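Feature list (source: TrEMBL):
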DOMAIN    12-150  domain 'EamA'
TRANSMEM  33-52  transmembrane segment
TRANSMEM  80-99  transmembrane segment
TRANSMEM  105-126  transmembrane segment
TRANSMEM  133-151  transmembrane segment
TRANSMEM  157-178  transmembrane segment
DOMAIN    160-288  domain 'EamA'
TRANSMEM  190-208  transmembrane segment
TRANSMEM  214-236  transmembrane segment
TRANSMEM  248-267  transmembrane segment
TRANSMEM  273-292  transmembrane segment
Amino acid sequence: MLKIGRHPSAALVICALMWSTGGFLIKSVEWNSVAITGARSLIAFIFMCAFLHRKPAFAVYKSGIYGAESLKRPDGKLTLNLWTAAVCYSATMLLFVTATKMTTAANAVLLQYTSLIWVVILSPVLLGEKNSLSDYLSVLGVLAGMVLFFYDGLNGGNFIGNILAVASGAAMAFMSVFMRRQKNVAPEDSFILSHILTFLISLPLFFTGPIKNISVSLPCLFVLGVVQIGIPSILFSTGIKKKSALSAMLISMIEPVMNPIWVIIFVGEIPSLKTVAGGIIILSSVILRSYVRQKRML
């Protein structure tokens, strides 16, 4: 996994593929969804600390030489980036889970990925990363593909649920931007913090009822914590150091596209032609943008 740091795009692709396993794995755990999210984050937190051999960081320090002594002192700006990214990622997970309970799954996923629009707006302002014409066209292509992809499941839905899904998308965008602002330090520390926060916020719901079918639910929870969220947290941290926030979010669009593919493999449910066409448009938009950017670099 350490060598993949040389290939940030590959790290983000694998991250998105692993994220996409969440749908069918969460359905296999017979427990309330917010408690599942908290337990998953607890496992991810333990895994990340063990794998990276690091403790949670509650501040970012910078070295300074004063007289003959080398001292460390907190860097206010970097610490703000650390906590903002952590809080936003925790909010992303919790808001999305709550939204899916209040509106349709299709509405929740589609509205969450309005995060692309937020990143387009925020990147020039907060990161100084200007958007090109190909960036705007790619975002439009992806959003059009998403509408087609989820068309069969879309409806008015619950208004509050839809608002929470949009808020989840905004939080996801801010997470990506503030992770990118930590490209010269350790963005993985924000993920570690976010998993602590998510676990603590979800903890009261652990006692609303026991986990059912433990022989299936517990192994799935472990896989969710390590494979679906733990390893991807490390991979996203690796990729965001070298790829722009918008690039990271566009590559992440592989996640919703892969969800029905896992369903085909493990459940045998065949998606509609609209879903297939939407997926092709999304992937084509991402691939064409990458091709255009590579051509410009030559």
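Cβ atoms here come from the backbone N, Cα and C positions, even for glycine.
No curator has checked TrEMBL annotations; they are predicted automatically.
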**Report entry** Candidates 33-52, 105-126, 190-208, 273-292; stretch with most C-beta pairs under 8 Å toward the transmembrane segment (214-236)
**Finding:** 33-52
Report task. Flag the pair the transmembrane segment (133-151) / the transmembrane segment (190-208) as in contact if three or more Cβ pairs fall under 8 Å (sequence separation 6 or more). Result -> no
Report summary line: When counting C-beta pairs under 8 angstroms to the transmembrane segment (33-52), the leading stretch of 105-126, 157-178, 190-208, 248-267, 273-292 is 190-208
Report task. Count, for each of 105-126, 190-208, 248-267, the Cβ pairs lying under 8 Å from the transmembrane segment (157-178), and report the range with the highest count. Result -> 105-126
Requested in this report: For the transmembrane segment (105-126) and the transmembrane segment (273-292), check the count of CB pairs under 8 Å (sequence separation 6 or more) and say whether it reaches 3 or more.
Outcome: no
Report summary line: Beyond a gap of at least 6 residues from its ends, the CB atoms lying under 8 Å from the transmembrane segment (190-208) belong to 32, 34-35, 37-39, 41-42, 44-45, 48-49, 54, 56-58, 81-83, 85-90, 93-94, 175, 178-179, 182, 229, 233-234, 236-237
Report summary line: Counting only residues at least 6 beyond its ends, the same-chain positions whose CB falls under 8 A of a CB in the transmembrane segment (273-292) are 9, 134-135, 137-138, 141-142, 144-152, 250-251, 253-254, 256-257, 260
Query raised in the report: Could you give the number of helix, strand and coil residues in the domain 'EamA' (160-288) as assigned by DSSP?
Result: 105 helix, 1 strand, 23 coil
